[in-house]
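What Swiss-Prot says about this one:
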{"type": "SIGNAL", "residues": "1-19", "note": "signal peptide"}
{"type": "REGION", "residues": "20-49", "note": "region 'Framework-1'"}
{"type": "DISULFID", "residues": "CYS41-CYS115", "note": "disulfide bond"}
{"type": "REGION", "residues": "50-54", "note": "region 'Complementarity-determining-1'"}
{"type": "REGION", "residues": "55-68", "note": "region 'Framework-2'"}
{"type": "REGION", "residues": "69-85", "note": "region 'Complementarity-determining-2'"}
{"type": "REGION", "residues": "86-117", "note": "region 'Framework-3'"}
Amino acid sequence: MGWSCIMLFLAATATGVHSQVQLQQPGAELVKPGASVKLSCKASGYTFTSYWMHWVKQRPGRGLEWIGRIDPNSGGTKYNEKFKSKATLTVDKPSSTAYMQLSSLTSEDSAVYYCAR
């Protein structure tokens, strides 16, 4: 069997009228099937703990799928049932960074992932 990999593209979006609000994610990730990956989303320009952080998936040619959200203040999470065993959302308050860990990766996980305030 040949070596294969999974490509994850990362993007970010922020709502609101303040142009200084930024959500920064690194570029693409290349991982092996069965592995896990931790995606990051660093926020700036607003009070990180005042807004939920959402994560969304978009596969080529398909619509957006809401994965879940986390309250950076309390750490409380809510997940789309479909992603409960796939995604784990966490935050690091001191660095104003949200994380999403995806486990047991398959070709179905090859997508663009957005963090959104």
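Heads up, the Cβ atoms here are built off N, Cα and C, so glycines get one too.
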Would you find the one among the disulfide-bonded residues CYS41, CYS115 whose Cβ has the most company, meaning other Cβ atoms within 10 Å?
CYS115
Taking helix as H, G and I and strand as E and B in DSSP, count the residues of the region 'Complementarity-determining-2' (69-85) in helix, strand and coil.
3 helix, 5 strand, 9 coil
Within the region 'Framework-3' (86-117), residues counted as helix, strand or coil by DSSP:
6 helix, 18 strand, 8 coil
Counts by DSSP class (helix H/G/I, strand E/B, coil) across the region 'Complementarity-determining-1' (50-54)
1 helix, 2 strand, 2 coil
